[in-house]
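The block underneath contains the structure these notes are about, expressed in structure tokens.
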Amino acid sequence: MIQGFCRDFNRSAVIFLLKNTKYNFRFAMSHVGVDKKGNDLNLMLMVTSCAIGGTLQYGYNLAIMNAPTIFIQNFVNETFRERWDVQLKNYQVTLVWTCIVSIYSLGGLAGALIAGPMSITFGRKKTMLLNNIFLMLSSLLALTSRAAKSFEMIIISRILVGINAGISMNVQPMYFGESAPKHLRGAASLSSAIFTAFGVVLGQVVGLREILGSEPCWQYLLASNAIPGLIQLLTLPWFPESPRYLLIDRGDKEACINALRRLRGCEVQRSELDEILQEQAEAKGLRPSRPWELFADRNVRWQVISIITLSSAMQLCGNDSIYFYAYYVFKESGISPDMIQYITICTGTCEFTACIICNLLIERQGRKILLMGGYVLMTGWAIVFTIALCLEHKVEWMPYLSMACIFTYILSFGMGPAGVTGVLPTEIFSQTARPAAYMIAGSMMWINLFIMGMIFPFLVSELGEFCFVPFAAVCFLSALYVGLVLPETKGKTLSAIANEFHKLNYRGQDKQGLPAPQAQYQLGEVCHSTAL
């Protein structure tokens, strides 16, 4: 019954999303002053094409490693025995497996570091297309590793697919934020988080024993990430480059206008072009910033502090770790081990649904309230989860409360930090500083993901049922930082946002060199979703 419920729930979620995508997107466009004769389909399809081979890969490649754990560990053991006639001990097999899983984060860090220079040199769209070289090489190595009897090929494959994910996680939100109109900027950038969550669900489904999660098929499961990449290679070339990149970085006004016309499906609005021209004038004569230059630049001091703090908090808040506890909690609740794989799909679907809800709310409620609210709720649920773990053997119904905490924790993460964090670098940095800002944000995300993968087992062994107390502290401090420091960016031009941060960067000093915020501020309109 549970298996059938999970299948129906996942199917209903996808059908609902697909049915409402076009309506939600058009509703949003109708509220931002776009010519009603315009066709919003181009922007929607561009987002879908780019994200399928982009951030979807991050979630997908995280999820598909759960199902073949035992099979790959046996493969490693057999390889050692055939090569050197050595039978590995359990801790040695676990060490090799940990290396295979964790090396993905180091690949992601490398991808984040090269994403900025690539996006400047080749442009946003071409970088996404070139990124598939790493993906295809990774898939080829994973597919042939079993026949070659080489677990080293799996390790190299994970490094390459990590590089692919690191580039996508940085360049895709930049591409979307620069291509969408101002009032859809947050919703378009947040669609990256939606596809990340969808990738997790897709990876969980494909990893079922009935599909590719069986012993004979694990190499095909690891290589299946080539399919989304192939879809992107066939579809993304038909869409234009980022208009801001074309005008500000390349100085090609004609190409910028053509790109805007294609993305909007109508004649370019003068106000939108003027905003890009204003940013071009401010960036005139400036070369793209390097990451270390941002650290030394007082004009962006609090912007840098903000992305470092929030990118780190996104990984240190414990959302990925809660999946580790899911199996244990579901088992304690009386669910059979055979059925847990289907319940686990519901956890991924939960985050996917929450990201869609966040997309519906981000232009209505703003970034600050969603980000702060998400961390406040996560703090509360981490405390409740700790209490439930302490009392699970004393109170009969406590395991069910623990199971509820898992879903509510994931929901709270998806409705705030998961989506909003990736939007911020696009909105709080200028065109010349944006690639370097994404390099910093991406590096912090991948470094902290690697750290969490290394230390969480020790947290569990040392703290036991109190292992989520540090995560509650991280969430509380993050909510405090957002509430006290981070300004709202909804409905504001880049100049107005820069002026808000200028007050922080030069607190107590006379403001010079920036226009008054009233001249640049424009209230955001209600928009429902860019959906897919």
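Backbone N, Cα and C define each Cβ position, glycine as well.
For 47-490, the entry in TrEMBL reads domain 'Major facilitator superfamily (MFS) profile'.
Annotated transmembrane segment per TrEMBL: 95-116 (among others), in sequence order.
Annotated transmembrane segment per TrEMBL: 128-148 (among others), in sequence order. Sequence-distant contacts of the transmembrane segment (128-148) (same chain, at least 6 residues past either end, Cβ-Cβ under 8 Å): 50, 53-54, 57, 75, 111, 118, 122, 154, 156-158, 160-161, 163-164, 167-168, 171-172, 175, 218-220, 222-226, 229, 232-233, 236-237.
Positions annotated as transmembrane segment by TrEMBL: 154-175 (among others).
As annotated by TrEMBL, transmembrane segment applies to 187-206 (among others).
For 304-328 (among others), the entry in TrEMBL reads transmembrane segment.
The transmembrane segment annotation in TrEMBL covers 340-362 (among others).
What TrEMBL lists as transmembrane segment is 369-389 (among others).
Residues annotated as transmembrane segment in TrEMBL: 401-424 (among others). Residues 169, 173, 177, 185-186, 189-190, 192-194, 196-197, 306-307, 310-311, 313-314, 317-319, 322, 325-326, 329-330, 332-333, 346-347, 350-355, 357-359, 361-362, 367, 370-375, 377-378, 381-382, 384-385, 388-389, 392, 441, 478, 489 of the same chain sit 6 or more residues outside the transmembrane segment (401-424) yet have a Cβ under 8 Å from a Cβ within it.
If you look up TrEMBL, you'll see 436-460 (among others) marked as transmembrane segment. Long-range contacts of the transmembrane segment (436-460) within the same chain, counting only residues at least 6 positions beyond its ends with a Cβ under 8 Å from a Cβ of the stretch, are 98, 101-102, 105-106, 108-109, 111-113, 115-116, 119, 166, 169-171, 173-174, 288-291, 293-294, 300, 303-304, 307-308, 311-312, 314-316, 320-321, 324, 424-425, 428-429, 467, 470.
According to TrEMBL, the transmembrane segment annotation covers 466-486 (among others).
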